[in-house]
Amino acid sequence: MSATHIPNTASATGEDNPFKDSPAKGLICRACQTTYGLVAQHACWNCFGPLEVDYDLAKLAKVTREDIEAGPQNQWRYAPLLPCGVEESDRVTLNPGLTPLIEADNLAKALGMRKLWVKDDSANPTHSFKDRVVSTALTAAVKLGFNRFACASTGNLANSVAAHAARAGFPSVVFIPHDLEPGKVITTAVYGGSLVSVEGSYDDVNRLCSELTETDDFEKTAFVNVNIRPYYAEGSKTLGYEVAEQLGWRLPEQVVVPMASGELLTKIHKAFEESVEIGLVPEAKVKVYGAQSAGCSPIATAFAADTDEITPVKPKGIAKSLNIGDPAAGPYAIESVRASGGDMAAVNDDEIREGMRLLASTTGVFPETAGGVVVATLRKLLEAGSLDPQAETVIYNTGDGLKTLDAVSSLVGPTHNVKPSLKSAKEAGLLES
Ligand SMILES: *Cc1c(COP(=O)(O)O)cnc(C)c1O
Ligand SMILES: [Zn+2]
């Protein structure tokens, strides 16, 4: 029945709150509502449910648009709405955020939509939205006493953790599945640190990392998405606040978000609701739509079957950054989408490639496979009639196409081949007269 409070040595309400000026009051179990202090823990001792950050709403409500606008030109302008404190000097960060919100008029026209925006998070320092969650997690990690950084990654997280460790001068140990795109392996390895290729899927990598956190050797190692996951997850909220601010402090009517673990979607939805609750934007309901690849669609499949029981799958297909077969936040993503009145869909590899090309050729934004998943899903939901072409829509591009070149390399290339002469140019059809 009623929720219990498990006291902890680092209780947020006591003197030991590690995060000065934080609006967070502790962690709370998403399943049974048991509360904890602001500690390095991700699962509930009562029911093994996932823990998330619990805020003091009165403190959040004190934050004004003006406070935020006076902040730095990066995600830390939302620090008063994040758990890890507002002191600039103790941040572990590449200062991600304030990425472009692009008016996608040509794409809107191609799809028969009235108003469409692309939130382009490939513009972050390591070219994916993961810089937001990693900056948030590692800033918390150092204050919680960790001295080494780690993660279980589908690719972009590996880039970001290795780069943050390099900037801050900390050692890192990054774990990836052995079959990642070369573009993601090289762009991680170049930062230095240990890069561990694991013979298995992401879900195997994740399990290994969970086991490592239990060992003495890894006691002081912060796995951003494992033992300090509650702090990591909160960084995704900035993708909600930022869209609200960039639209002139109001919410869009529909958003389309890619899903791997389902955390990003859940937290964007949470940020929209919080923005209304604390008075940053006028009351509005945003329909949230989830996008997956058909090669790995455990969340969309459960949603379509009208259940929140996720059946884990063995991931396949080119959208490797989304290839999580046993998604931790899957049930919460389903809850968010259902509560918002949205929908989900999954798209195959050919549709993903076509989505990548369509976004690039209509907006100048070259997305990675995950962005292709979003564009193809947008198209599919429009065709199915579950997404309204007349409603103002924001789609999230979370990563950069330069990291997943193989996905489109067979599809595009030079359109003409000529010798360096006018004669040859004419023969190739470049001259009419
Ligand atoms: C990690 C990732 C996602 C999804 O993140 P979750 O929070 O696990 O759902 C989406 N897009 C890209 C490019 C990613 O790297
Ligand atoms: Zn619980």
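Quick reminder: no glycine exception, Cβ is built from N, Cα and C everywhere.
The domain 'Tryptophan synthase beta chain-like PALP' feature in TrEMBL is assigned to 93-399. Across the domain 'Tryptophan synthase beta chain-like PALP' (93-399), the model assigns an average pLDDT of 97.
The N6-(pyridoxal phosphate)lysine annotation in TrEMBL covers K130. Secondary structure at K130 (N6-(pyridoxal phosphate)lysine), as computed by DSSP, is helix. Taking all protein chains in view, 33 other C-beta atoms sit within 10 angstroms of the C-beta of K130 (N6-(pyridoxal phosphate)lysine).
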